[in-house]
Amino acid sequence: METTMGFMDDNATNTSTSFLSVLNPHGAHATSFPFNFSYSDYDMPLDEDEDVTNSRTFFAAKIVIGMALVGIMLVCGIGNFIFIAALVRYKKLRNLTNLLIANLAISDFLVAIVCCPFEMDYYVVRQLSWEHGHVLCTSVNYLRTVSLYVSTNALLAIAIDRYLAIVHPLRPRMKCQTATGLIALVWTVSILIAIPSAYFTTETVLVIVKSQEKIFCGQIWPVDQQLYYKSYFLFIFGIEFVGPVVTMTLCYARISRELWFKAVPGFQTEQIRKRLRCRRKTVLVLMCILTAYVLCWAPFYGFTIVRDFFPTVFVKEKHYLTAFYIVECIAMSNSMINTLCFVTVKNDTVKYFKKIMLLHWKASYNGGKSSADLDLKTIGMPATEEVDCIRLK
């Protein structure tokens, strides 16, 4: 379940009227749910005599998001596990670029195995109702938000690393301690800036139609703190989308000029040409990942800005729910694209993982191989061209 946000006053007697609302047909207060990093599950026009969650449109949307969640659990769960296992097992894969990619893999893996099952229950099984308590509500939303920021910051770090390695090759590469500090910074920044989303996340029981209740799980900011919320959202929009996208675009534009439009001085040996091809392939993959990131998350942020800053656009919009799920699924699919690109395209982690399984199967079958024998075999495995490619020294 994505992080959501609404505004409610401290006395629960009235709420902001400048945002879309979910109205209690029995005369209770209206609760507004424009929210921060996702789309308000209840922020849709509801008929007093009809439960929207029982409509045909909602049923179709439920199938779509269910398929997306299953895809994330399978692709990100299995794919990132393979990448992490291969990285742990083989030292040959532990270069700076792969260590940065591992941050994406870990965050996406945690979301796939921890968050997605709860999201499946929330969106598909219980039709927008949370039944797992306040602690899990806060934890799942917080983990999902941190994962998004880790992915963004890691992609930015990878772009800067590629820029320094290719445009300024004579500068010394990042040392192990510096790389460790960079990885720690990626997680620390992501954890800290997501704290407000956890602080304001709570459960709220809503009466949707007649006596039917739905338990909303998401961010609810006090009505007198709307300005703080908008400022916080614009801050996040700037440092976690606009800033990284502009920086990565400039980095890859300069890298492209260096690799494709600048003549290499001197005689080009086959080794130099091979290295150039490898670098071009890696940069193309990274630029495709950047493009996918923009295409997936730009609708997400655009939808949120329209909903939170121009709420009248969605007033009485019958297809709001459909639009919500379309944008939701597009944003969620970005983690699958990253996994497919990094695991199946960028390197040979799948091949290495197969060799791990094969060696352990042979050891179990023969019964006489020690773990030391396996270590000698795996450490002595030759590096493939693709592994050499991703080193980019």
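Keep in mind that glycine also has a Cβ here, set from the backbone N, Cα and C atoms.
Note that the coordinates shown come from a computational prediction; the quantities given were computed from them, not determined experimentally.
Residues or ranges marked as topological domain 'Extracellular' by Swiss-Prot on the basis of sequence analysis: 1-62 (among others).
If you look up Swiss-Prot, you'll see ASN11 (among others) marked as N-linked glycosylation site.
Taken from Swiss-Prot, the feature N-linked glycosylation site applies to ASN14 (among others), supported by sequence analysis.
Feature annotation from Swiss-Prot assigns N-linked glycosylation site to ASN36 (among others); the stated evidence is sequence analysis.
Among the features that Swiss-Prot reports, transmembrane segment is placed at 63-83 (among others), with the record citing sequence analysis. Through the fold, the transmembrane segment (63-83) approaches residues 101-102, 105-106, 108-109, 111-113, 116-117, 119-120, 123-124, 325-326, 328-329, 332-333, 335-336, 339-340, 342-344, 349-350, 353 of its own chain, all at least 6 residues removed from its boundaries and within a Cβ separation under 8 Å.
As annotated by Swiss-Prot, topological domain 'Cytoplasmic' applies to 84-98 (among others), with the evidence given as sequence analysis.
Positions annotated as transmembrane segment by Swiss-Prot, on the basis of sequence analysis: 99-119 (among others).
Per Swiss-Prot, topological domain 'Extracellular' is recorded for 120-146 (among others), and the stated evidence type is sequence analysis.
Marked as disulfide bond by Swiss-Prot: CYS137-CYS217. The Cβ of CYS137 (disulfide bond) has 22 neighbouring Cβ atoms from other residues within 10 Å, across all protein chains displayed.
Annotation source Swiss-Prot lists transmembrane segment at 147-167 (among others).
For 168-180 (among others), the entry in Swiss-Prot reads topological domain 'Cytoplasmic'.
For 181-201 (among others), the entry in Swiss-Prot reads transmembrane segment, with the evidence type sequence analysis.
What Swiss-Prot lists as topological domain 'Extracellular' is 202-232 (among others).
Same-chain residues lying 6 or more positions outside the transmembrane segment (233-253) and placing a CB less than 8 Å from one of its CB atoms are 36-37, 148-149, 152-153, 155-156, 159-160, 162-163, 193, 283, 286-287, 290, 293-294, 297-298, 301, 304-305, 308. The transmembrane segment annotation in Swiss-Prot covers 233-253 (among others).
Taken from Swiss-Prot, the feature topological domain 'Cytoplasmic' applies to 254-282 (among others), supported by sequence analysis.
As annotated by Swiss-Prot, transmembrane segment applies to 283-303 (among others), with the evidence given as sequence analysis.
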DSSP helix/strand/coil residue counts for the topological domain 'Extracellular' (120-146): 20 helix, 0 strand, 7 coil
Top Cβ-contact partner of the transmembrane segment (181-201) among 99-119, 147-167, 283-303, 323-343 (pairs under 8 Å): 147-167
DSSP residue counts for the topological domain 'Cytoplasmic' (254-282), split into helix, strand and coil: 20 helix, 0 strand, 9 coil
Assigned conformation of CYS217 (disulfide bond) - DSSP reduced to three states: strand
